[in-house]
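Shown next, in structure tokens, is the structure this report addresses.
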Amino acid sequence: MSSSPAVVVASAAVVALAVANRVLYKLALVPLKSYPFFLAQLTTFGYVGVYFSILYVRYRAGVVTRDMLALPKIRFAVIGLLEALGVAAGMSAGAMLPGPAIPILSQSFLVWQLIFSVLLLGKTYSLRQIIGCLLVTSGVILAVASGANDGHLLSGVKLIWPLLMVISSAFQAGASILKESVFVDGAKRLKGKRPDIFVVNSFGSGFQALFVFLLLPLLSNLRGIKLAELSGHLNGGAECFLNVGESPIDCGGAPFLPLLFIFINMAFNISLLNLVKMSSAVVASLTATSAVPISIYILSLPLPYIPQGAELSASFILGGMVLLTGLILYNLPQSSKESKTD
């Protein structure tokens, strides 16, 4: 299934959009450099309205059926809770960890996915596929760590913070596997027809927004924003985002860059979930992960609003080669003994 032409096209779209998503996020933070928390909340809550609007249109067009909308909501609630907890744990740890350590520790996401897909979906993986996943993870770590050569990355950091970042990845990985299970279980309930991706996106995002709202005082505090200052911060972020009023900081590039990021980010999320529906959560993650070194390379070049480039080390090149080897190894044609493993 993972080698069909449709999946190959969907995978290429995910890689392209993943690269654009990472690069544009960096560019969007140029005007919103003082308001990353505003941008995070805008995407969390704003997308709910957009996804449900698209869901309504698809329902009116007959693409989404009543049976799809009647799927049990408990799994969507758990997905939303896990994603909100992942955000909370990630923010808590991120506030205490050096920047380069965060994407490195986040690569445990793929390992958690393998574990949860075995435990929750009953999947089995060949030794070749496991080694391929580990090579992908190792390659990303090598590539990301290439810019962090100033001694030990976690020296002076309490063990609880890197552990919490790994736990954050576990929450996110669990949510991704549950999304795959919604498609698998939904196909049984819908007599072979998998649920529309906007059913999963809309209800999953809706519950995530609910739990993030409940955790908002904690999340804002973790970003150094007191609850009493939250409304003022969000208003300032909105003014900078729209580039109106007299902002105390330079918001040049807004609203074009943030809007472009939001559009591409939504397209990336939709394409990623579509790939999960067509193949599996692990295949989707492997595909998206391959975009990390490409993104780092592009961000090392002089870009509009970020004119200063950066040199890439030999470690980055080696990491990219290891990652590519892992992807090829995982996606090699399966032997008859492995045909039931993915």
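Placement of Cβ uses the backbone N, Cα and C atoms for every residue, glycine included.
The structure displayed is predicted, hence computed values, not measured ones.
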Practice prompt. Tell me which range among 4-24, 256-276 TrEMBL lists as transmembrane segment.
Written response: 256-276
Fill in: Candidate ranges 78-98, 104-122, 159-178, 198-219 - greatest C-beta contact count to the transmembrane segment (38-57) (under 8 angstroms)
198-219
Worksheet item: Cβ pairs under 8 Å with the transmembrane segment (312-332): which stretch of 78-98, 104-122, 129-147, 198-219, 283-306 has the most?
Response: 129-147
Worksheet item: Do the transmembrane segment (198-219) and the transmembrane segment (78-98) share at least 3 Cβ pairs under 8 Å, sequence separation 6 or more?
Response: yes
Worksheet item: Are the transmembrane segment (159-178) and the transmembrane segment (78-98) near each other by the rule of at least 3 C-beta pairs under 8 angstroms (pairs 6 or more apart)?
Response: yes
Response to the item:
Under 8 Å Cβ-Cβ from the transmembrane segment (283-306), and at least six residues away from its ends along the same chain, one finds 2, 7, 11, 14-15, 18-19, 22-23, 26-27, 30, 103, 107, 109-110, 113, 132-133, 136-137, 139-140, 143-144, 147, 176, 252-253, 257, 272-273, 275-276, 312, 316, 319-320, 323-324, 326-327, 330, 342
